[in-house]
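Structure first, then comments.
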């Protein structure tokens, strides 16, 4: 079941986040699996599997196979495995959680499908969206962002630390996790509001164990 401590440092990634790796699709897949294991060994508190963008896998069978490998690693190290967006995949794999955005399946539908099976995270980009979600008991936490500019969400308006503050000040009690452009250097600004989710801060770090350690301790 859901424990808000798992939001402390969530690694979010798919094979597309290793575009800086030389080689083809399989090299990116292997880089993801190697990085995930290193990150789990270094004590990330959760992993969110996210296949999105031009370089993401397109074949559902390949996506499922990769998701299963990631899930196995999470089980080995006792970290929650969360599927981004793909509710059906989360159900098939009996994932621990599912995370959806405002443009994905309607949250009411996600709740109907996943309630009592997965914990549910919902992305919000405005205070209004957060206020709308506050009474949805089945939503375990809110993902807030992008806090800083980020290549993974080029089309999204940066919301800044201000939105985290507004949500907290509004009296919303749900746990929050900040995402978008978070690095070891700006993570300390966010800790008072809840957890942090990162992609490139781990995926592109030269020393991944050091990056995780710094993000955990700073944050």
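Heads up, the Cβ atoms here are built off N, Cα and C, so glycines get one too.
Quick look at what Swiss-Prot lists:
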type: BINDING; residues: 48, 49, 50, 51, 52, 84, 123, 153; note: 4-amino-2-methyl-5-(diphosphooxymethyl)pyrimidine binding site
type: BINDING; residues: 85, 104; note: Mg(2+) binding site
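Overlay of Swiss-Prot annotations on the structure.
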residue : record                                                         : contacts (Cβ under 8 Å, 6+ apart)
48      : 4-amino-2-methyl-5-(diphosphooxymethyl)pyrimidine binding site : 10, 11, 12, 13, 82, 83, 84, 97, 99, 197
49      : 4-amino-2-methyl-5-(diphosphooxymethyl)pyrimidine binding site : 13, 14, 66, 67, 70, 71, 81, 82, 83, 84, 95
50      : 4-amino-2-methyl-5-(diphosphooxymethyl)pyrimidine binding site : 12, 13, 14, 84, 85, 199
51      : 4-amino-2-methyl-5-(diphosphooxymethyl)pyrimidine binding site : 14, 15, 16, 57, 63, 66, 84, 86
104     : Mg(2+) binding site                                            : 85, 87, 110
123     : 4-amino-2-methyl-5-(diphosphooxymethyl)pyrimidine binding site : 99, 100, 101, 102, 142, 143, 144, 145, 179
Query raised in the report: If you draw a 10 Å sphere around the Cβ of residue 85 (Mg(2+) binding site), how many other Cβ atoms fall inside it, taking every protein chain shown into account?
Result: 19
Report task. Find, among the binding-site residues listed as 52, 84, the one whose Cβ has the highest number of other Cβ atoms within 10 Å in the structure shown. Result -> 84
